[in-house]
Structure formats: C-alpha cells, structure tokens
Amino acid sequence: MSKISQNIKRQRIQKGLSQEELAQKLFVTRQTVSNYETGKSNPDLDTLTKLSEILETDVETLLYGDTACREKKKFRRDCGLLALAAVLLAGVIFALQHARTMQGITFEISIAAVCLSCIGMPLLLALFGFSGTGLILGLAVRRKAQLPRRVLIRRILAAVLLAFLLWSALFLLWLSGHLPFSWLSAAVGRIYFLTSISTAVKYLVGAAAVAAGCLWRLTEK
C-alpha cells in the first residue's frame, strides 16, 4: 500500500499522459495528481477505480504494482531464502553431528542440540520447502508456462509427494536391511545420520515441515 504513489506515476508515464492530462480526465487539479504521486495523499476507492479505467489497468496493479514486477521480486527473494536455508541447514547438521560426537564422549545431553533438532531443523526445512517451491514457480513463470495455476500447483504437490514416498520406501528398506545395492544402502544410511534423524517421528516431522513450507508458498498471493 505504501507504493501506491509510485504505481500511479509509473502507469501514467507508461500511458503517455502528463499530470495535467490525467487531472483533466479525473476532474481534479494537477496538484491533486501530484499529491497522489508524491505520497502526500492517497486516492479513495472510487478514485482508484477511475484511475484504473483511465490508465487501462486494474485497481490491484495500482495498489500492489505490476504482476511481472512482483513475480520478479518474489523470485529474487526465494533464491536468497533458498541459499540462506541451505547454508543454515548445513550449519545445523554440522552442529548436531558435533553435538552427537560430544555426547558420546561426555554422556551429557546438550540443550542447544535438542533445540536445534526439535525447533531449528523443522523451521529451516519449512523455509527450504517455501523457497524451493517459490523457485519452481518463478522458473515456470520465466519460461512463460501456459499451464493454469491450479494444474501447476497439483504437479508440484505430486512431485513433492512422489519424492516423499520414494525416500520413505528407501528409508524403510534400509531399516529392514533389504536394499538391493550396497552403495545405495550406504548412501541412504549416510543421509540418515547426517541429517540427525534418529527416529521415525523426527523424519515425519521434517517431511511435514517441508510440506508445510511448500503449501505456505503455494497459497501466498
């Protein structure tokens, strides 16, 4: 809402109108239009509706900016959040691995490690799911995918569900010792220990956190 003035000015310039010409079409003074564009005053809903008709746009664009610009900003934000989540996840995994090693030596449970495992890890996984889903949506928009948003959301959720089921199957086979290849068993075991998931409950919490992040991003306007 604080950028209404910039949006009005941008749309006016794109339309090729001067402040005086826009003021005449709105039946207001040029100073009133200037106040709108400098943020000294904001137009009411009726004026916004008239502005959207004159500038051949919609009220939402005047309030929140051009859709393409908003999507670009979200894409850059999601890229940054994904990188941040990856770095923080790596740091938390390293810290938990170190805490586990120290626990084996001192036989003392670290409160910080418990907090990181029970609170920090799910939050970071949710952030990872949020930003990762945003990145996928942004790439789809950049490639000008013509798929309806509902279809795109279904495909993303299906991909997340498929990945979850695949990992669940590998995890259960690893627990039972029936994985067909030794290298695959070693890889799954390595992932299991590196992520400090020592119980099925923690694993499900982590998966739920990623899913929650995905849904949060998909429902974001």
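Keep in mind that glycine also has a Cβ here, set from the backbone N, Cα and C atoms.
TrEMBL lists 8-62 with the feature domain 'HTH cro/C1-type'. TrEMBL lists 80-99, 111-140, 152-175, 191-216 with the feature transmembrane segment.
Mean model confidence for the domain 'HTH cro/C1-type' (8-62) is a pLDDT of 87.
Across the domain 'HTH cro/C1-type' (8-62), DSSP classifies residues as 39 helix, 0 strand, 16 coil.
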